[in-house]
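K.L.:
Following this message is one structure expressed as structure tokens.
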Amino acid sequence: MNLNKDIATPARTNAILKKHGFTLKKSLGQNFLIDLNILAKIVEASGFDEQDGIVEIGPGIGALTEQLAKKADKVVAFEIDGRLIPVLEDTLSAYPNVKIIHSDVLKADLPGVLDAEFSKGQAIHVVANLPYYVTTPILMKLLEDRLPFKSITVMIQAEVAERIAAKPGSKEYGALSIAAQYYAEAKPMVVVPASVFVPQPRVDSSVLKLTIREKPLVEVIDERWFFNVFHASFANRRKTILNNLVHNLAGKDAKAAIEQALSEAGIDPKRRGETLSPQEFARLSDALYSTLRKAD
């Protein structure tokens, strides 16, 4: 493959940036990896096979892309910063199995790209070092659009990874935990110190693996309503589940109907949202869906 030295070293990274006169944009959360051991752990954590396809988001100068291209059948990478396209074309020129797309992945036609770039029936995984500022929107788009990914392995802010994988009753548990775990099994894999990036971010990162479920974690009457219910339940963590639902879901006039739904779901109205499991939220969502519709 590539006869050049690996991209993810301090010397090579600096040489690439200097060669192309590239300056980092803070607004795009650009932090480049300079540790090959961490890259190896990301690739290992993702668990893809050599015949699989990879979607990468935010390839930067190609450090992770290069390692993915060595082991996967094909890598399709979305880069929002047009200044990086010629850099990537240079650093990844030895890898014919890499396709760079200049696009914001949040606005891209992902189904169309997957159909065009990968073989029918080919297993596809997402592997990415995501910018902190756009982590949640990207992850939720990938999950909510129900694209045919087997897994999503991402390096993200450690605190966000903990929130996504959190269990009921923990201080990290919240709406993001339920939203992500509804679609996927979440497992933190590797803690990554800030020192392996150029420039160094202010916080540590974590590699998180989301293994997509064949069917959602819980079954509900109305999925959008379910999401509305648990989001409302976490609006104010100091309030009880009853107060949060009254103030953030249906209004004071619906208090009696909400109390009835809580009773039907077997949930104490004095509990707080962070103590409810996804299964309890599913029961509550269905009960609220029925009682509030009757009250209308």
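Note that Cβ sites are derived from N, Cα and C of the backbone, with glycine treated the same way.
Pulled these from Swiss-Prot:
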- Asn31, Leu33, Gly58, Glu79, Asp104, Asn129: S-adenosyl-L-methionine binding site (BINDING)
K.L.:
List the residues of the same chain that sit at least 6 positions away from Glu79 (S-adenosyl-L-methionine binding site) in sequence and have their Cβ under 8 Å from its Cβ, in sequence order, or write 'none'.
P.N.:
Gly58, Pro59, Gly60, Ile85, Leu88, Ile100, Ile101, His102, Ser103
K.L.:
Ranked by the number of other Cβ atoms within 10 Å of their own Cβ, which of the binding-site residues Asn31, Asn129 ranks first?
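P.N.:
The most densely surrounded of these binding-site residues is Asn129.
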K.L.:
Note down the number of other Cβ atoms within 10 Å of the Cβ of Gly58 (S-adenosyl-L-methionine binding site), including every protein chain shown.
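P.N.:
Result for Gly58 (S-adenosyl-L-methionine binding site): 24 other Cβ atoms within 10 Å.
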K.L.:
What are the non-local neighbours of Asp104 (S-adenosyl-L-methionine binding site), defined as same-chain residues 6+ apart in sequence with CB under 8 A from its CB?
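P.N.:
Listed in sequence order: Phe78, Ile80.
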K.L.:
List, in sequence order, the same-chain residues at least six positions removed whose CB sits under 8 Å from that of Leu33 (S-adenosyl-L-methionine binding site)?
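P.N.:
Sequence-distant Cβ neighbours: Ala8, Leu39, Gly60, Ala63, Leu64, Asn129, Val196, Phe197.
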